[in-house]
Structures are given as structure tokens and as C-alpha cells.
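Below is one structure, written out as C-alpha cells; the observations come after it.
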């Protein structure tokens, strides 16, 4: 009976939300509708939770600082100037993302109500990030807090680095950063960066950039390689499952010596299990693809980071095309060495009449020993090194061409998927002969396939002599049907996850576009994500 007199915790939380919303709108009216509303007060609403939201007057002050034209609306040019003062990127990609998160009515400008609404919506994330960085729980962030946070995050920093970070946000010069000062900075970050481990990285970068130093661009936070691995694994698994029937059809046509066409191979695949038979071997494919795709993307990024760090010429500069290709080759080699046995199992299980996974493993061990899991390894290594080198290079080159033709803006995840599909056509056509040799070596010794090739070179000579050059491009149609959508989905989904999780911090944005136009062009230019 006594308990019924008091509201439940959920009701209390709901009432708190309603009160916060009333406070927000009363502040908006007071700040934008003149003295009549400003004089009105609601005593039980005026005390805000500590650090929960910038007071209306301070938020208005920040808005007015950004509003260089004093017209009550923020344009891209206004944001550009404000970002530069905070040491944040001023590229079209960054500006476009800022406009997307603030501009609710998509009119190309941001009014004060839109600005206030975004801050109100993100206030909990902002508070959580601040409390994580307030290492000593004093209600403010000082240089000692930052040094502990940077050490915990695995980021190398000196006391002077922490002081420079404090100086960037410390408006009252008391040597500490309050939540209000912190929130002024975090309001200008993309929404995906408003989490602790991303904010600390962005803040460190900004303190360097404001002095014109960009050497930290080549460093990835220690936790983010794991996120890259997960993003690459998810993208690879989804894409391979989507194209599993085309992948199996392609393998059947590549390993068939009778010259069976597309239709006959499809009937053979359907007869060997119906609809579910189209996905035979896909479990192994997914188990192999998750680490393979994860390793490829992570190794590629780490190889680029290593080059940017080691080579002095790259302080503040990008990689040359040949260096990007070399990073791609490195990614291909690392992933092949670590995942090749799974690739061989996938190929064996894709064959007509193949056994279950445990029986396939047992037959390889019984007939060829552990070495049987590496049959055709060198041909596969060569194929994957070339494919990844050409693939990553052409993908990066495709994005560069896109940016040059679209005033410096980067392609969206969907557009990156299209670039990836074109890349796949180029790479597959270039490496298909090597892949045919690899597949032949992988399946020899399996039921119905005698072991007749002594090496990759011997296999190449035998195919040319007995079947002719056309054999190297057998199954081209099924290859295009499988590879193009697979690569498109992989690149597109990976780019989407990277953007969604905020992986890379400010490193994923150029600090400024290479070619800057006039002030009018800067105001009018609006990149699409």
C-alpha cells in the first residue's frame, strides 16, 4: 500500500525525460522569442542536472560564434571557419557529415533550433565521454587526467601534448576543461566519434592540427585494429553467403575437364542436392572468409600505417600508387598464409559428391598427411598477392578518380561498392589463369580427380597442351556473376561499418581539400557522402 504512493523507477525516468524536454523548449523560447518569454520562469525546471546540457545562453554563444554572417543560420562556410579554429578537418567530406547530422530539414543551412536539438539528442553520449576522461573524478579534465587516459588508450603522449590538448579547449585559462568547454568541442565532431575511445584520439589529433602538424595521421588507436578485423569479417561473410551458388558453379566449371557449359554445370549442381546443394561448402567458405577478409582489410591498413610511419617523406603526405599496391600485396600474402587450409577445404567440399567437413578433413590427412592441406599453396599465394595488390590499388585509384571528378568529395559506401565491382572485373580478368591452375592443384587427389600435376608450372603446361588457352577462362560468366557482386558488397558494407563505428577517428578525413576554391564556391560546394 505504501509502495503504491510512490511512482515506479520507470515512471520517474519518463517524468525526468518530459521535464528535460519542457526545459529544452522553454529555453528555446526564451532564447529566440524575445523578452516576454525570457522573463517567464519555471522555478522547478531551472536547475539542470550537472553537465547534462549546455545552458541556453552558452549554446547560443557557441552558435553565434559559428554564425559569421549574423543571419541566424549556419552555412558550410560558417562551419568551415569554426572547425579550423578547433583544429578539426575542413574537407568537404567532414563538412558534409556535419551538415547531415544538424540539418534536419535538408535546406543546406542549420538554424538554432536544429543545432539545439542535435546537442540535446547527444547529451548522454557527451556526458559519458566526459566522465570517462575525468580520470580523477573531479568534475573537470586536467593534464594529469589526459595523460592517464592516453596511456590507458595506448596512445603515446608527453606532458606537453596533454597541456596542448587542455589549452585548445580551456577558454577561461584555469588549466582545466569543464564539461561546458568540452561540449563546445564535441558539438563539432561527427556523431560516430562521440564515444570515449574516439574522442580522446580526435582531441589529440586536433591539438596537433591546430599547429599545422599532421604526423599522428598515420597512427591507428590500439583498439581499432580489432574493430577493423570485425568489420572486415562481417562484410566478407555476408558477401560470400549472397554469392555462394555462383561460387560453387564457378568452381565446378573451373575444375571440369570435359568443357561442360554453364547450363550443364548448373544442372549437375542442382542434381547434387537441390536448393541446399547450391550452398554446399558455404559453411567452410564463411569460416574461411571471416578471418580472411578481416585480415586482408586490417593488414592493408596496418601496412599503409607502417609505411606512413617509417618513411620520413610521408610526414603529412599520402602514399604513392606503387606503395598502395605493395600494401595490398602484403595483405594478400598475410591472409593466404593464415587461411589457406580453409580455402582448400572449401574447394574440395564444392566438388560434386563431396563428403561432409569432418570426412573431407579425414580423407586429406589419411591420403596426403598434413602437407595435403597446402597442396597448390604457392599458386594460391601468387594469385592472392597479385589479386590483392591489383585490387586495393585499383580500388584506391578508382576513389581518387571519383574525387577528382566530383570537386574533392569522397564516394559514399554505395558508390564505393560500385567502384569495387569495377575493380573486381579488372582483377579477375588479370588473375583468372593463375586461379585455374590453383584450383586444379587443390582438387587433384580428391575422389574423381587423379593426382597428375607435379607443380604449378607443370599444371600450366598440361592445360595449354591438352585443353588450349580457352581453358584458363572457362567459367568466366559464373565468375563475373560471383565476384562482382561479392566484391561490391564487401567494399560497400565494410565502408558503411567503418563510417558507422567511427573507425579511424579524424584520420579518415583529409584535414583540408587539396584544391580550395573561392569563398563562394566553398559556400556552394556540398559533398555527398
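Every residue, even glycine, has its Cβ placed from backbone N, Cα and C.
TrEMBL entries are annotated by machine, without manual review.
Note on the domain 'EF-hand' (54-89): its mean pLDDT in the predicted model is 85. The domain 'EF-hand' annotation in TrEMBL covers 54-89 (among others).
Annotation source TrEMBL lists domain 'EF-hand' at 90-125 (among others).
Among the features that TrEMBL reports, domain 'EF-hand' is placed at 126-156 (among others).
Annotation comment: TrEMBL describes 157-192 (among others) as domain 'EF-hand'.
Look at TrEMBL and you will find 223-306 (among others) tagged as repeat 'Solcar'. Break the repeat 'Solcar' (223-306) down by DSSP state and the numbers are 70 helix, 0 strand, 14 coil.
Annotation source TrEMBL lists repeat 'Solcar' at 319-401 (among others).
What TrEMBL records for 411-500 (among others) is repeat 'Solcar'.
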Close approaches to the domain 'EF-hand' (157-192) from elsewhere in its chain (Cβ under 8 angstroms; 6 or more beyond its ends) | 50-51, 54-55, 58, 62, 79, 82-83, 86-88, 94, 97-98, 101, 118-119, 122, 126-127, 129-130, 133, 139-144, 146-147, 150-151, 198-199, 202-204, 206-208, 210-211, 499-502
